[in-house]
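Presented below is the structure to which this report refers.
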Amino acid sequence: MTNLNESREALIAAARTAVNSAYAPYSNFHVGAALLFEDGAIVTGANVENASYGLSLCAETVACAIASHAGRRGALVAVAVLGGPGGRIDAPITPCGRCRQVLNELAALGSTDPVVLCIGAKEVLETRLSVLLPNAFGPAQLG
Ligand code: THU
């Protein structure tokens with residue numbers, strides 16, 4: 001069972017590294033995300049844009065898809081996200097609405113309420129997924 005305090009710097013560093021993998025030629029807004037699991041594993045993602053702009057995938061969604069493909073179902077402890085123009089980090093960014101829902105699916109499978117670290121150059125906004133997405137619709141609603 002991992003402890004966020006021990007893994008916090010590694011999680012943020014992983015998100016910083018992930019931002020270098022962003023494919024964002026249209027917005028030039030490069031985003032990196034890192035997911036921390038109860039076994040201490042960290043899974044990362046970066047945004048993947050598309051010439052058909054609306055098909056672009058956010059960093060958090062890519063990280064969730066990679067985690068799912070690796071067999072991870074739940075046990076999501078924390079998420080770190082950062083991004084900015086050309087990958088330069090200034091103000092913290094929060095996960096978009098769609099990513100909140102995608103993160104909720106992974107979290108709900110393990111009944112966790114992950115800490116969300118929104119990393120800025122000087123400021124870190126630390127919150128919880130349940131704060132970003134209250135009264136979420138999830139797998140439990142489907143019975
Ligand atoms: N983006 C993310 O990767 N995550 C978010 O939570 C917000 C937005 C990406 C999508 C798009 O490639 C770029 O940032 C500009 O919106």
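Positions of Cβ are set from backbone N, Cα and C atoms, glycine also.
In TrEMBL, annotation is done automatically, which means it is predicted and not curated.
Listed in TrEMBL:
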- Glu60: active site, proton donor (ACT_SITE)
- Asn47, Val48, Glu49, Asn50, Ala51, Ser52, Tyr53: substrate binding site (BINDING)
- Cys58, Cys96, Cys99: Zn(2+) binding site (BINDING)
- 6-140: domain 'CMP/dCMP-type deaminase' (DOMAIN)
Only counting partners 6 or more residues apart, tell me which same-chain residues put their Cβ under 8 Å from the Cβ of Tyr53 (substrate binding site). Tyr26
Cα-proximity to Cys96 (Zn(2+) binding site), 10 Å cut-off, over recorded positions Asn50, Ala51, Glu60: Glu60
Tally of DSSP helical, extended and coil residues in the domain 'CMP/dCMP-type deaminase' (6-140): 49 helix, 37 strand, 49 coil
Select, from Val48, Glu49, Tyr53, each of the binding-site residues with a Cβ positioned under 6 A from at least one atom of ligand 1; if none does, say none. Glu49
Between 0 and 100, where does the mean pLDDT of the domain 'CMP/dCMP-type deaminase' (6-140) sit? 98
Taking just the CA atoms, what is the gap between the residue listed as 'active site, proton donor' and Cys99 (Zn(2+) binding site) in Å? 6
Could you measure between Ser52 (substrate binding site) and Cys99 (Zn(2+) binding site) for me? Cα positions, answer in whole angstrom. 19
Applying the rule Cβ within 8 Å of the centroid of the Cβ atoms of Asn47, Val48, Glu49, Asn50, Ala51, Ser52, Tyr53, what extra residues of the same chain belong around the substrate site? Tyr23, Tyr26, Gly54, Leu55, Ser56, Leu57
Val48, Ala51, Cys58, Cys96: which of these binding-site residues has the sparsest Cβ neighbourhood within 10 Å? Ala51
Around the Zn(2+) site formed by Cys58, Cys96, Cys99, list the extra residues of the same chain whose Cβ is within 8 Å of the site's Cβ centroid. Ala59, Glu60, Thr61, Pro95, Gly97, Arg98, Arg100, Val102
